[in-house]
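> So TrEMBL says this about it:
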- B:SER13: active site (ACT_SITE)
- B:HIS40: active site (ACT_SITE)
- B:ASP133: active site (ACT_SITE)
- B:1-181: domain 'CheB-type methylesterase' (DOMAIN)
Amino acid sequence: MFMLNPNIIKDEELEILLTDVSSLYGYDFTQYSRASLKRRLNRICVIDKFTSFAELRYNLIHHPEYLQRFIEEITVNVTEMFRDPSFYKALREKVFPKLGTYPFIRIWLAGCATGEEAYSIAILLKEANLYNRSLIYATDINPGVLEKARKGIFPISQMKQYSENYILSGGAADFSQYYTANYDMVKFDTDLKEKMIFSTHNLVSDSSFNEFQLIICRNVLIYFEKELQNKVFKLFNDSLDNFGFLALGAKETIRFSNLENHYKQVVTEKIWKKIK
Amino acid sequence: MVKRTEIFLIGGSAGSLTVLLEVLPQLNDDISFPIIIILHRKSHPDSVLNALLSNYTDLEVCEVEDKMTLKSRCIYLVPPDYHLLFEDKHTVSLDSSEKLNYSRPSIDVTFQSAAEIFKESAAALLLSGANADGVDGLQYIKQNSGLVVVQEPGTAEVDYMPKQAISQVKTDHVLRPDQMAGFINRLCR
């Protein structure tokens, strides 16, 4: 078994594939960070047993049905519930009390992958008694992962970790009350997704679709080049209510972007408030 | 051909922190390349490791942020729960994709990425540890004519990682902890 990915796709071949995908299917990955893209492309070659660039390219061009899998594999969909518990604790303690002053709360979860974050946020909203007047818009570029997110079914093997994360995030209830176990999977309560709206959205090409009080986009921008990061910050800015909140991943920042002066970081966790 | 080192990578797992605490104080403060440290560690919000290592060196120590520009005379820690990749010789990206060898950060991932970008100007040192993460990465460093250095297994708290490296990769140097700082200092010339 390959532990590391071999170098099947060369740099210039990567560019050709990106051009193909853009011109044939309208998905623009040309401003994604190359280092990660290259790893993902070589990884998909190993998993789908392509031994050359030509083979992968042929499949991509002549089998449009392969596109969905291709995009799902070259983007990163690794996620977990209550990842970085201190982030969720900050949401509970610093952000939700402010959101509570709004009659109606709209939250955009951009790049929600298989939905673990969406269910985490729903649990938090319930415990803060805000759930009934909230809507969570969970979006992702991949329709396949959204399908999984809608189901709300996750491996039971993860629950010990998630339950620990939940407690560290300040959760006081019994975490297992939120799901029903069935063999090796658990299904989260359907009332948790009552206020979730799942939809595809491509941060590269799609525009703003609503105005939100909180936008959460964690560990998505790390896969984008600086220029695209700035473009997405602008999209978020256009989609955020005055005095709304923007939450990013632990190692992402709005600090070096053009919008820096319009935001104020509210906690050491990566949460900013729009101030003008 | 004389190799000029442009990046120095240090990977380690169980038992490698004590080695770093011995090596760091002896490093010159005019190191001519960035030093990247990839350690297997528990995620911790307060970056305790950063503060600890800062006390042991005059060089600047910082935890990597996404798309950061690397400087010489600086020691970079890969943050817990992310892999570190090189975009070019000066820019790094973070990546939260699947764990490799049950590890994120994975030493293999960063060593491989550095090998591709820096070729013969990459140098990598693998320390004490209980799994083989880093061994394949050293192989990539070697294949790209970089410099491969491994901790002398007899001095390692857990010798599995350095032993695997020595048995699988053509190692340039096998060093005791007390030799490491001098070795790194001399690479700067």
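Cβ atoms are placed via backbone N, Cα and C, with glycine included.
Predicted automatically and left uncurated, TrEMBL annotations should be read as such.
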> Quick check for the class: what is the C-alpha distance, in angstrom and rounded, between B:SER13 (active site) and B:ASP133 (active site)?
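With distance taken Cα to Cα, B:ASP133 (active site) is 9 Å from B:SER13 (active site).
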> Could you tally the C-beta atoms, other than its own, that fall within 10 angstroms of the C-beta of B:SER13 (active site)?
25
> Let me check the 10 A CB neighbour count of B:HIS40 (active site). How many other CB atoms are there?
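Result for B:HIS40 (active site): 23 other Cβ atoms within 10 Å.
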> Between B:ASP133 (active site) and B:HIS40 (active site), how far is it from one CA atom to the other, in Å?
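Between the alpha carbons of B:ASP133 (active site) and B:HIS40 (active site) there are 10 Å.
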> So what pLDDT does the domain 'CheB-type methylesterase' (B:1-181) average out to?
94
> For B:ASP133 (active site), just count the other CB atoms lying within 10 A of its CB, please.
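There are 28 of them.
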